[in-house]
Structure formats: structure tokens, C-alpha cells
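Below is one structure, written out as C-alpha cells, with a few remarks after it.
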Amino acid sequence: MFENTETNGPVNCSFCGKSQDQVKKIVAGPGVYICNECIDLCKEIIDEEFSEEQTHELTDIPTPKEIVDELDQYVIGQNEAKRTLSVAVYNHYKRVKAMADNDEETEDGPELQKSNISLVGPTGSGKTFLAQSLARILDVPFAIADATTLTEAGYVGEDVENILLKLLQNADYDVERAEKGIIYIDEIDKIAKKSENVSITRDVSGEGVQQALLKILEGTIANVPPQGGRKHPQQEFIQIDTTNILFIVGGAFDGIEDIVKRRLGDKTIGFGTDTDGKNAVLDDSKSLMQQVVPEDLLQFGLIPEFIGRLPILTALERLTEDDLVRILTEPKNALVKQYQRLIALDGAELDFNDDALRAIAQEALARNTGARGLRSIIEDTMRDIMYDIPSREDVKKVIITRETVADHAEPELVLADQKAS
């Protein structure tokens with residue numbers, strides 16, 4: 001037992017070497033001494049490590065409404081998708097927290113299975129950004145994977161376990177934190193079977209990849225090579241439990257509207273058809289994309305087992321011109337605000353008039369790139385301006401017009417001794 005002892009000879013701390021005269025207390029043990037300063041330092045180290053461990057715990061999970069409110073600050077439109085995602089994510093992390101707390105209901109009641117998510121929507125509708133925003137709101141590690149780079153074991157390409165490696169890297173190789181992260185797999189529609197007919201040849205990047213993903217989607221102990229690449233027997237692995245990792249898959253699923261149209265059309269053929277048109281394709285209350293069901297994904301080429309591990313399905317609408325204009329100006333990190341900040345650092349103001357914003361949105365629609373293409377259009381418009389402004393101390397304000405966007409005309413400049421008209 002350690003105690004504060006009086007000794008006849010000089011006593012020094014066994015850790016820092018300070019004498020009894022240099023510190024307030026020295027605690028003695030069998031053949032060892034420690035001073036009060038070293039005790040305080042040890043306590044700080046232990047408290048710091050304990051606090052780092054505590055950060056892995058999910059304490060205050062935001063409610064679905066709080067998640068949507070946060071998403072609304074960054075994501076324009078897609079209200080139905082935001083509500084669906086907020087409920088799904090809330091239930092997922094509520095389940096994770098219950099399992100971590102060893103809740104009695106978890107032990108005695110029904111097992112809470114995880115619900116991964118499918119996002120269906122055109123290019124540039126915000127699928128990736130929604131997934132990224134959810135991870136930021138929940139403060140969990142996040143990784144993006146491209147399904148087209150994956151192949152099944154034995155073929156040239158990436159193993160599916162490399163998806164987990166990206167998540168682990170983004171969690172600073174903290175396995176426990178990575179096991180509560182979110183993985184978004186993009187271009188999932190590109191690994192659909194090419195046809196419903198069974199082929200003699202192997203579908204290396206299609207059904208085989210879907211089969212390879214099944215285990216990690218459902219929950220398994222995966223062996224992840226720390227350096228990535230292909231696995232081999234002599235290699236060391238990091239084991240990751242995917243049970244509590246939320247998987248969100250997304251794809252444009254080009255042509256799925258035709259599948260929905262055929263399905264809805266079949267329902268309106270024959271006796272007993274609804275004459276009021278409630279089941280008709282042209283029902284304005286919902287777009288074709290909003291009426292996608294798992295059966296349509298099956299027809300598209302995803303296998304039943306894969307669809308079954310993605311029980312939550314939500315669709316994103318194609319963004320309209322009005323949506324794109326709002327995306328340019330309203331979110332906290334809106335592109336217009338970003339470029340205004342950049343120009344302000346050079347001592348000038350930047351203004352996009354309404355016609356200019358409309359022209360940018362129309363160009364994005366013409367390119368069929370959705371919100372994803374907005375930055376490149378603005379960058380193309382602003383390149384010469386950002387080249388000249390740092391050298392022009394006389395410029396007070398830059399006004400971007402429709403002609404600046406559409407025809408690469410010179411912007412309107414307000415000089416220091418002028419006033420805007």
C-alpha cells in the first residue's frame with residue numbers, strides 16, 4: 001500500500017527525479033516513489049484517453065425533425081427523400097445505441113435488424129451530398145465508393161473489403177469509430193445484371209459484385225488489408241464488424257421510369273380497371289421516379305438478395321430550374337456566397353443578377369448534370385474576372401449578367417468613383 005512516508009535520507013521521485021524539497025508530496029511504495037506532480041500528470045493522461053474512448057459513444061442522437069432541419073440548411077428540395085432518410089438514420093443509430101447500452105429490450109425483445117438505404121435519382125440530384133450531410137450531422141466517419149471499380153474475388157479490380165478500408169482511413173484507423181460510420185456506394189445501377197437470362201460467361205462487374213457485397217451489407221466480420229489491394233494468405237488483416245455500419249447505395253437508374261410505366265400500365269389493363277385514373281401513369285400527384293418499388297429494381301437487374309438487404313428505398317426528383325437557382329443562393333455554403341467571399345478577399349463586391357442565375361441553371365439543365373455541374377459553369381464564367389480583379393484596385397463591384405454567362409461577355413464593373421446604375 002502506498003503512503004506518505006518520512007525518511008531519514010533524501011528521497012527523489014522515481015519518475016521525474018525531483019527531490020522532496022522541490023515538490024509538495026512524495027508518495028512511497030515498495031522500492032518506488034512518485035511525487036504529486038507526476039500523479040497529476042498521470043491523471044491527465046488517463047482522463048484524456050478516457051474522454052477519447054467516450055467520443056465513440058452515441059449520446060445525443062438528433063431526432064428526425066432535427067436532422068431534416070439541419071439538412072434544409074444545405075440541401076434544397078427533395079423533401080420526401082430528406083424525411084425518409086432522417087427517419088431511417090435515426091432508427092439505425094437508435095438501434096446502435098441500444099446495442100451498445102445492452103438495453104434489456106435488446107436482450108429480451110425482438111432483435112433490431114439494420115436497414116440499409118437505396119437512393120434512386122438522376123445525376124446531380126443530390127444523392128451523394130445527402131449522404132455526406134447525414135454523416136456530418138451525426139459526426140460519424142464517412143466514405144464514398146464507386147461500384148464500377150469493384151469486382152468479385154479472383155478478378156482484376158478492387159475487392160469489396162477495400163470499401164471498408166476507405167472508411168477506416170477516414171476514421172484515422174480507429175476501428176471502433178469506423179464500425180459506426182456511413183458508407184455511400186455510388187453508381188450501384190452500373191452493377192445490375194445485363195439481362196435476366198442466365199449466361200454461361202461470368203458477369204465480373206455485375207451480379208458477382210452484388211453477391212460479394214451481400215455479407216458486408218448484412219453484417220459480418222470482414223478482414224480488411226491495411227494497405228488495400230488484393231488479399232493473400234500471408235497478409236495481416238484488420239478485422240471490422242460491419243453490423244453497425246450504415247450502407248447507403250445510390251444510382252441514376254437510367255430507364256427505370258420505363259419499367260415503372262410498364263408496371264403501372266399493366267395494372268390499368270383488363271376488367272376492373274379504375275376508371276377515375278388513380279392508378280394511371282399520368283397521375284400528377286407523384287412522378288414516375290417517386291413510384292419506384294423494389295420490384296422495379298429487380299427488373300432493372302439487381303438480384304433479390306441484394307435488394308432484400310436494402311429495405312429502405314427513396315427516390316430523388318430531377319431538379320428544376322427554380323431548384324437550381326435556390327441551390328446557387330440559399331444554402332449556407334451556396335456557390336454564389338463562396339465566390340462572393342473569394343472576390344471580397346480582393347476588395348470588391350460580386351453580384352449575380354436574376355437573369356444570370358437563371359442562365360447558369362438553364363445551362364446545367366442543358367448539360368444534364370444537375371447541381372453537380374453548377375460549379376464548373378460558374379468557374380468558366382468567373383475565370384477571366386478572377387484573373388483581372390486582383391490587379392484592378394479601381395473596381396468596387398462586379399455584376400454578372402445573363403450575357404456574361406451565356407455569351408462570355410464582359411461583366412458590368414462599378415469603379416470606385418462610380419455608382420451602380
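Note that Cβ sites are derived from N, Cα and C of the backbone, with glycine treated the same way.
In sequence order, Cys35, Glu37, Cys38 make up the list of same-chain residues 6 or more apart from Cys16 (Zn(2+) binding site) whose Cβ falls under 8 Å from its Cβ. Residues annotated as Zn(2+) binding site in Swiss-Prot, with sequence analysis given as evidence: Cys13, Cys16, Cys35, Cys38.
Residues annotated as ATP binding site in Swiss-Prot: Pro122, Thr123, Gly124, Ser125, Gly126, Lys127, Thr128, Phe129. Under DSSP, Pro122 (ATP binding site) is assigned to coil, being neither helix nor strand in the three-state scheme. If you draw a 10 Å sphere around the CB of Pro122 (ATP binding site), it holds 21 other CB atoms from the protein chains shown.
The annotation domain 'ClpX-type ZB' is assigned in Swiss-Prot to 1-54 on the grounds of sequence analysis.
In the three-state DSSP scheme, Cys16 (Zn(2+) binding site) falls into the coil class. Sequence-distant contacts (6 or more apart, same chain, Cβ under 8 Å) of Cys13 (Zn(2+) binding site) comprise Ser19, Val23, Ile26, Tyr33, Ile34, Cys35, Glu37, Cys38. Non-local neighbourhood of Gly126 (ATP binding site): Val75, Gly77, Gln78, Leu316, Leu319, Gly370, Ala371, each in the same chain, at least six residues away, with C-beta under 8 Å from its C-beta. For Lys127 (ATP binding site), the same-chain residues 6+ apart in sequence whose C-beta sits under 8 angstroms from its C-beta are Leu119, Gly121, Tyr184, Asp186, Gly250, Leu316. If you take the C-beta of Gly124 (ATP binding site) and look for same-chain residues 6 or more apart in sequence within under 8 angstroms, you find Leu319, Ala364, Asn368, Thr369, Gly370, Ala371, Arg372, Gly373.
When Cβ neighbours within 10 Å are tallied across all protein chains shown, the highest count among the binding-site residues Thr123, Ser125, Thr128 belongs to Ser125.
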